[in-house]
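Annotations per Swiss-Prot:
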type	residues	note
ACT_SITE	491	active site, 4-aspartylphosphate intermediate
BINDING	812, 816	Mg(2+) binding site
REGION	833-880	region 'Disordered'
TOPO_DOM	1-20	topological domain 'Cytoplasmic'
TOPO_DOM	43-50	topological domain 'Lumenal'
TOPO_DOM	72-192	topological domain 'Cytoplasmic'
TOPO_DOM	239-402	topological domain 'Cytoplasmic'
TOPO_DOM	423-435	topological domain 'Lumenal'
TOPO_DOM	454-947	topological domain 'Cytoplasmic'
TOPO_DOM	968-979	topological domain 'Lumenal'
TOPO_DOM	998-1013	topological domain 'Cytoplasmic'
TOPO_DOM	1035-1059	topological domain 'Lumenal'
TOPO_DOM	1080-1092	topological domain 'Cytoplasmic'
TOPO_DOM	1111-1128	topological domain 'Lumenal'
TOPO_DOM	1149-1179	topological domain 'Cytoplasmic'
TRANSMEM	21-42	transmembrane segment
TRANSMEM	51-71	transmembrane segment
TRANSMEM	193-215	transmembrane segment
TRANSMEM	219-238	transmembrane segment
TRANSMEM	403-422	transmembrane segment
TRANSMEM	436-453	transmembrane segment
TRANSMEM	948-967	transmembrane segment
TRANSMEM	980-997	transmembrane segment
TRANSMEM	1014-1034	transmembrane segment
TRANSMEM	1060-1079	transmembrane segment
TRANSMEM	1093-1110	transmembrane segment
TRANSMEM	1129-1148	transmembrane segment
């Protein structure tokens, strides 16, 4: 078998191949034959000059083949490798990565003898390849490649029995298998990066064009273009070198760690750790000068607990409490996603730890006992590094579309070149060299030299704008996706609502409908549960943890001490000592503690009302009605319960089975919390709704609470229906929040129902939909998803994508990881202050001259506006003694510094640092607000329209150039060297200025066209080209009437004449008009007048045309090789140019009105996908 499907997030497919011997390669032997034929047959039979042309063509073709082996991995495999069916015959493999994970690569296949633990079993052969710092192993049993396995899916019982690597043989085997715990990335050099850039297809093509222009005597233009190319490529290489050097500085901490090997504790460097090692990890005591200790690898906490700062991975500064697996069911398998509160992730810092000396294996330094799970690039930090590392390549917008569009233009260029070739060969006196040169120039004119640079700038400008707003992106290709988003999904808690919870009181203990706020009237047992059933912890003498739990403690007026003891601030109540915690788990929807009050042991439990209900001995009569009443009001409700435990030892309490602790409970009331909606949630979501986006809420909260909040933030506006099970049966029905409207559930009527109602479903309903294969029929029409588990959030996003929705998911980056990764655009919000106020933002967009670049602060600081713009023109006191010239020099130095730093180069993406990015999501926003969603969508739309206008302008310039270089070239019309240089500079300046247009502050209801291939763009191109062609043809024909009847030789050197002059002037005006007409300003970007540099460049271009056409400065026209125009011809040119502009402008505006961008018709795709699924089920 020559091909293997790998699946997964990194590699999709692997093809086996074998390298051919040098003489049998397709880039060697065919050309050896061709060169021999040229030497023995062609040279003797034709003129030497024609033979040299043939040799030049053959050499160019050979060089092109060699270059294609660098550009295309598929072509390289075809030329230099042969396919093999057996893995034993292969020595390399072609790796096809998963979509959006980079480009294909050919990597060597390694065969080696694998060491085994037992000498008697002999050595086994291991076959593997390394791809992007990951190893893939071939399994002969399965006949497939899979990722190198790490011990991450064993049972808790297995980990608790771990004693590390017991022998030197096992250590050697593990070292050979997994390697050292390092981030090994070779240091690149400037020369290597520059060589890579110079081997890019666009760059080679541009250098080839420069060579052709030199042969056609365009020396100034060629040298200018070549200088510009090398300047930009060297800037790019320098910027990438800095980025990669910064990434290489990230190292696994080389601190020493106590490791249990061969039956004893030994001190080893963190870089020597291996998966399976048992280690002692903790923060050194302050007496020994200990600092925050960095965790060197991903490890599972066996014994002891730790408080960890995970900001380097999640960007979230709130410390996380890590607990041991002691007390968990021994047969339960580890899932790092689900059991992350037991896992210490590499790169994070231990703030404090609590050892447990009751375990059989004692740590020598008082640390926590842990077992290493993953090392090196397989750790969470390593994965994030890989994401950042392999997204530092050059980024472009719509690369496949740009290729197809250029191919479309090449067709026209080839037709024009063919016309010139046929006509030229009819004249036997024509120089074949000049003829072939002319044809080559026509075909190469399709792609201007600045195109790749401008496409990169389109994305990178957006990246920089987002970074200045505190939004970091690790996957730049997703920015254009943001412009295509039509569905925005939001988590509720901590995203739409504030983290500052308000404790409203306790309900459900009396017949009173309002929650009891007087804590003296609340049973002491209920207060004890609220005071102790939590996961709060002291870090550096400060209480940290869930804001809801802190609000409850404050609301009941109890205190909590560092020794895990809770006691009332007033009165003589008993203290509550926590003995064992069972932390909150999203799949269980509850948490519990075992406490001791005086000499009595009790279990305190809190969780979702419907979850606790199933575990109560007696359910109060008004239980359901009470919690539903509070949730309808938008409150968050937690059910409280307890049970008495028999007398026991402390060790027995800690070993109790969680399920036994959390069963047969006695109800103790409902804790009711108000969850205030963030001030800007409703305005931001209303703006999104008004800008043609559908809104969806996905939350783990209760359905009634979710629907109440959804109504306040404009997600639902129609009457709401909630899908639920009817009574104890298995039938489902739609019920309104007040239970006055009830409609039987039928999956076939969902679409009709969704037209008049907003639908809400819960996690249990999703399980039903999965069981009945109705997911695709129902989920696309739902507005609110409540009580959903993290895995269900992922399923919801996958379903929306399957029916053709452009999805954005906004969450907090902890419970929403799967959904954030699945969405086209995932935005993780971190709780930091906003970097800019709305007023600052609007000022920023109004005036570029008054705005200075925002400095990037460390992750812990707020990003503030700074620089010249904030001083409002006043000279700082320390600079008042400087002269005007010195001040000017300082300003110039500051500008140069800005250009030279790592963010001043719009050509390269800004470096995303660890701590800025979240491993949860492609976009990380350091805001306690959903406002970044609008910023990301604005930048996405801006990138889309900028790319679209670039291609339109490119298309029109290409079609006009193809005509000028073909039909007019045959008539002897040419451009001078200076003329071509000025034209090139003008085009580059225009492209640069349009790519830096900033998006408008307000999102428009109008949508950008998602693709280059649309009716609007095609009609716009054809219509404008027809007008341009008419203007060009009539102008040249008019000029010919004033020309003396002289024969102009097409191959003759350039000399000024009237037709050449008119041709240049018309080309200049067409260029200015093309940029002015096709600039996409409102409603997405700044208008032409607001984009000052572009506006002034247009005025300068139009003014330049008027000046040279009016012949105001004769010396200027002489230097440009332009002859004087007759008065009548001059007036006609100016009138025709004005008419051409008005007609093109009107045509463009008419098409924008007639063919606006629209949301894709996802319902058609939903029906098609559902019908296809039905067919598969029948088969």
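Every residue, even glycine, has its Cβ placed from backbone N, Cα and C.
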In terms of Cβ proximity under 8 Å, which residues at least six beyond the ends of the transmembrane segment (21-42) contact it?
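Sequence-remote neighbours of the transmembrane segment (21-42) are 51, 54-55, 58, 62, 65-66, 69, 78-80.
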When DSSP states are grouped into helix, strand and coil, how many residues of the topological domain 'Lumenal' (43-50) land in each?
6 helix, 0 strand, 2 coil
For the recorded positions 491, 812, 816, work out the Cβ neighbour count at 10 Å and name the residue with the minimum.
812
Express the distance between the Cα positions of residue 816 (Mg(2+) binding site) and residue 491 (active site, 4-aspartylphosphate intermediate) as a whole number of Å.
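A Cα-Cα distance of 8 Å.
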Distance check, please: Cα of the residue listed as 'active site, 4-aspartylphosphate intermediate' against Cα of residue 812 (Mg(2+) binding site), rounded to an integer number of angstrom.
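One finds 8 Å between the Cα atoms of these residues.
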Which residues, given as numbers and ranges, are at least 6 beyond the ends of the transmembrane segment (403-422) yet have a Cβ under 8 Å from it?
435, 438-440, 442-443, 445-447, 951, 954-955, 958-959, 962-963, 965-967, 969-970, 1012-1013
Quick one: find which recorded stretch in 948-967, 980-997, 1093-1110 has the most Cβ pairs under 8 Å with the transmembrane segment (1014-1034).
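Between the candidates 948-967, 980-997, 1093-1110, the best contact partner of the transmembrane segment (1014-1034) is 948-967.
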So, taking each listed stretch (948-967, 980-997, 1129-1148) in turn and counting its Cβ pairs to the transmembrane segment (1060-1079) that are under 8 angstroms, which one gives the highest count?
1129-1148
When the topological domain 'Cytoplasmic' (72-192) is classified with DSSP, how many of its residues are helical, how many are strand and how many are coil?
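Once the DSSP states are binned, the topological domain 'Cytoplasmic' (72-192) shows 30 helix, 37 strand, 54 coil.
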In the same chain, which residue numbers or ranges, 6 or more beyond the ends of the topological domain 'Cytoplasmic' (1080-1092), come under 8 angstroms Cβ to Cβ?
845-846, 848-849, 941-942, 945-946, 948-949, 993-994, 996-1000, 1004, 1006, 1008, 1098
Residue list, the topological domain 'Cytoplasmic' (1149-1179) vs rest of chain: Cβ under 8 Å, 6 or more residues beyond ends.
486, 692, 751, 773, 776-777, 780, 802-806, 1006-1010, 1014-1016, 1019-1020, 1023
Which residues, given as numbers and ranges, are at least 6 beyond the ends of the topological domain 'Cytoplasmic' (998-1013) yet have a Cβ under 8 Å from it?
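Counting only partners 6 or more residues beyond its ends, the topological domain 'Cytoplasmic' (998-1013) has Cβ contacts under 8 Å with 398, 401-402, 404-405, 465, 483-484, 486, 687-688, 690-692, 841-842, 845, 848, 934, 937-939, 941-942, 944-945, 947-948, 951, 1080, 1082-1086, 1091, 1155-1160.
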What else in the chain is close to the topological domain 'Lumenal' (43-50), if you only count residues 6 or more beyond its ends and a Cβ gap under 8 Å?
432-433
Helix, strand, coil residue numbers for the topological domain 'Lumenal' (423-435) per DSSP?
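Split into helix, strand and coil, the topological domain 'Lumenal' (423-435) gives 7 helix, 0 strand, 6 coil.
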